[in-house]
Amino acid sequence: MSALKNYGLISIDSALHFPRSNQLQSYKRRNAKWVSPIAAVVPNFHLPMRSLEDKNRTNTDDIRSLRVITAIKTPYLPDGRFDLQAYDDLVNTQIENGAEGVIVGGTTGEGQLMSWDEHIMLIGHTVNCFGGRIKVIGNTGSNSTREAIHATEQGFAMGMHGALHINPYYGKTSIEGMNAHFQTVLHMGPTIIYNVPGRTCQDIPPQVIFKLSQNPNMAGVKECVGNNRVEEYTEKGIVVWSGNDDQCHDSRWDHGATGVISVTSNLVPGLMRKLMFEGRNSALNAKLLPLMDWLFQEPNPIGVNTALAQLGVARPVFRLPYVPLPLSKRIEFVKLVKEIGREHFVGDRDVQVLDDDDFILIGRY
């Protein structure tokens, strides 16, 4: 009870022992404002659960320098759980072919279909197995600021090198609310802001990015609006990664982008590295454009999921609502692989045309 008294609370028992008062005193008690003798809310009660130990933390500049970041696919077992063996093979292949970072649980990795327990576990697994060889950037963004805070705290506690944050979608907010949302997570560690209005239905305008860029933890922007926006930022010294694979060559070499956060690099990581590192290469870009068009004919990650299954590096298991591309498109993919060269693609099996019956669609997992 002594602890309760410190917060200005009165027990029911003690209330029974108040002396009987006259009518005026009773009236005053009913209408008086209750004032706590000690503030009930400790001022720093909601500080983030962050460690003050910085010796193993990634410097924001280490994130800003990355040119090829793969939005890594999450493969599944037939019962819908993560296939960690296949996942590890995918990440190892990225490392061997020169990718410098992976986005864990992004749109491509289907973070939107994961529980937060699954999501944070996969970030921790990736850090534990590969954190010394590749930068691990966890997609800990959410349209709920509360969830974004909690997930980002846990992700950095797991050892991720950076966070990817999207603006609040569906329940859209004001410009001021958008800025406030990002400010709550920026102080936790290196952060990439993700602008993809095609999915969120709300653009992050330059005025927000310019304000956020004053925070030293803002590593840069994954920008999907287009190259004019990319150049608007790079001219002011803001680091930008193209979020559009079909524009990333020109973004890099004509508009100042640092690199790309790529879906296509799940399939051809070596060629995507070449596209970002070895100077302007219009011939290679033209060679890859048909593959990129094929990948995004339906919303991502449908195309990459289908392709990795046909290449034999991931089981043909889809978490609904995603379903594979139709048979005619699967036949097209086999032709694309042969035109580009099987040796450039991940895995070592022959590319196959899978039948509809080969795919497993999971609704409960």
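Heads up, the Cβ atoms here are built off N, Cα and C, so glycines get one too.
As written in Swiss-Prot, here are the features:
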TRANSIT   1-39  transit peptide
SITE      THR107  site 'Part of a proton relay during catalysis'
BINDING   THR108, ILE261  pyruvate binding site
SITE      TYR170  site 'Part of a proton relay during catalysis'
ACT_SITE  TYR194  active site, proton donor/acceptor
ACT_SITE  LYS222  active site, schiff-base intermediate with substrate
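Recorded features from Swiss-Prot, shown on the structure.
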{"residue": "THR107", "record": "site 'Part of a proton relay during catalysis'", "Cβ neighbours (10 Å)": "20"}
{"residue": "THR108", "record": "pyruvate binding site", "Cβ neighbours (10 Å)": "22"}
{"residue": "TYR170", "record": "site 'Part of a proton relay during catalysis'", "Cβ neighbours (10 Å)": "8"}
{"residue": "TYR194", "record": "active site, proton donor/acceptor", "Cβ neighbours (10 Å)": "24"}
{"residue": "LYS222", "record": "active site, schiff-base intermediate with substrate", "Cβ neighbours (10 Å)": "25"}
{"residue": "ILE261", "record": "pyruvate binding site", "Cβ neighbours (10 Å)": "29"}
ILE261 (pyruvate binding site): nearby recorded positions from THR107, TYR170, LYS222, Cα cut-off 10 Å: LYS222
Residue among recorded positions THR107, THR108, TYR170, TYR194 with Cα closest to the Cα of LYS222 (active site, schiff-base intermediate with substrate): TYR194
Cα distance (Å, whole number) from THR108 (pyruvate binding site) to TYR194 (active site, proton donor/acceptor): 14
In three-state DSSP terms, the structure that LYS222 (active site, schiff-base intermediate with substrate) belongs to: strand
Secondary-structure category, per DSSP, in which TYR170 (site 'Part of a proton relay during catalysis') falls: coil
Pairwise CA distance, THR108 (pyruvate binding site) versus TYR170 (site 'Part of a proton relay during catalysis'), rounded so that it is a whole Å: 19
Between THR107 (site 'Part of a proton relay during catalysis') and TYR170 (site 'Part of a proton relay during catalysis'): CA-CA distance (Å): 16
